[in-house]
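Per TrEMBL, the feature ATP binding site maps to Gly10, Pro11, Ser12, Gly13, Val14, Gly15, Lys16, Asp17. The domain 'Guanylate kinase-like' annotation in TrEMBL covers 3-179.
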Amino acid sequence: MTGTLFLVVGPSGVGKDTLLDGARSRLSGDPRFVFARRVITRAADAGGEDHEAVTTEEFARRKATGGFLLTWAAHGLNYGLPAALLDALAAGRTVVANGSRATIAELGQIVPRLTIVEITAPPEAVAARLRARGREDEAQVAERIARAVPALPAGVDVVRVVNDADVASGVAKLVAVLSAPRP
């Protein structure tokens, strides 16, 4: 049986990492689910998600030796999903990964059962979260809010989760999507 890969995407400030952390915690005892730990060329103590920190050289070596299911570059960093996730999918497990919408078409060629989970939030909520995070000044917050979100490729299975309430509600919505039977 082939498992489903849920690729979770969404712009900065929609609460994607918070919802993923909550879903990971809620589903941690359920053997049907695997939450991917991304490999990133970013220091382990740089903040943000729990990831495997590697040097640019180590990343390139792993990529050259087939260590990744998928790689991409963004914001001056390299990101990778470990190739071992294919084993989990082959075993029929549900894999949940934080990803980039720029990789969807390529990932669709690799993974037979792919569902995109697009996290969205109202602009005022995004602005408040970005301000609270404290990494951007007011002009940068305004720029992020104004930035157009690219459309998703046609023909992909997409489920939208609107993160417009408290964290527990957002996590419950994401867990419901991940737990629902897929065709």
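If you go along the chain as it appears here, the first residue is 1 and each next one adds 1.
For all residues, glycine too, the Cβ spot is worked out from N, Cα and C.
Where the annotation comes from TrEMBL, it is an automatic prediction and has not been curated.
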Sorted by sequence, non-Gly10, Pro11, Ser12, Gly13, Val14, Gly15, Lys16, Asp17 residues with Cβ within 8 Å of centre, ATP: Ile119, Ala121, Val126, Arg129, Asn163
Intrachain C-beta neighbours of Gly13 (ATP binding site), sequence separation six or more, cut-off 8 angstroms: Ala121, Ala125, Val126, Ala127, Arg129, Leu130, Arg133, Arg144, Ile145
Cβ-based isolation winner (fewest other Cβ atoms within 10 Å) among the binding-site residues Gly10, Pro11, Gly15: Pro11
Per-region confidence, the domain 'Guanylate kinase-like' (3-179) (mean pLDDT, whole number): 91
Local Cβ density at Lys16 (ATP binding site) - other Cβ atoms counted within 10 Å: 25
